[in-house]
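The following features are taken from TrEMBL:
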type	residues	note
BINDING	Glu76, Asp189	divalent metal cation 1 binding site
BINDING	His114, His139	divalent metal cation 2 binding site
COMPBIAS	229-241	compositional bias 'Basic and acidic residues'
REGION	211-241	region 'Disordered'
Amino acid sequence: MVPKIIKTTTETGVVHFAVNGLSEKDWHLVKEMSERYPSIVPNFGLHPWFITERTPNWLKTLRGFLESTPAAAVGEIGLDKGSFGRKIDFADQVDVCRQQLQLAKELERPASIHCVRAFGDLLDLLKSAGPVPAGFILHSYLGSAEMVPEFAKLGAYFSFSGFLMSMKESKAKKMLKSIPKDRILLETDAPEALPKLSNPDSLYLIEKEASSADGTSSGGINDGNPSEKSPEEDKGNEQQAEEIHNHPANIHHVLSYVASLLELTKEELAEISFANASRLFSYEGSKVLQEV
């Protein structure tokens, strides 16, 4: 499915895909995708849901993937106190996340951070860990407007997916308008976060039975307990029970929605988000920098 997905999406104007690894079991798949497809920007990280599966040498292995892949960023890492994450020792989550942030700092790579119901804890961790020179992404951000300035001071970029459509519109608008324009990013979080549209016929879709379940296609992951989740804080996985997966080409629907809340044209926001993404992913060795 990957060649078809990439072809369809690039034909809509997408240039690069940031693809996140989640655990030691899929880092090699992300690396293989990156080597095969010039449009794939690889990310290697240990997601909080999978820290209990890590091997004793996980950090050494992660370092090896990052050092042997100059184009790679760090991710997906983070903290989770949601319906699934709360089953995993939180102190262990913090320790694993801290070590990966340190690695990102040392290698001067940006990091993609997953955060569910733990924004205060994440802020404390980032403050104690010190600045991340290459910056970091708060992916599928659904936190409050009040926390934006503190994260922004530490170098955060705020990325928005179809999950934003689950947030009350007035709250989403307040939060978006609190974010500096040079820190706004857009994503699909495919295969999750299918945008909620009044006309769903305009969506690009991936048939579930034909798609990969390894979670590496666009950095998304599945949670088996969507009914326990808060749609705003926990980015509930309503796609679990559906027969379809989100498609990366639906980035255009996210663009339209965010632009409407910010009272910008789609063209204006596309230019802003593209410039921000290009800047963030222009570290030494990156595929984006090679094309500038």
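Along the chain as shown, the residues are counted starting at 1.
Cβ atoms here come from the backbone N, Cα and C positions, even for glycine.
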Check: For the binding-site residues listed here, His114, His139, which shows the highest count of neighbouring CB atoms within 10 A?
Finding: His114
Notebook entry, point to check: Do you know which of the binding-site residues Glu76, Asp189 has the most other C-beta atoms within 10 angstroms of its C-beta?
Noted result: Glu76
Item checked: Between Glu76 (divalent metal cation 1 binding site) and His139 (divalent metal cation 2 binding site): CA-CA distance (Å) -> 9
Next item on the list: Looking only at C-alpha atoms, tell me how far His114 (divalent metal cation 2 binding site) is from Glu76 (divalent metal cation 1 binding site), rounded to the nearest Å.
Entry: 7
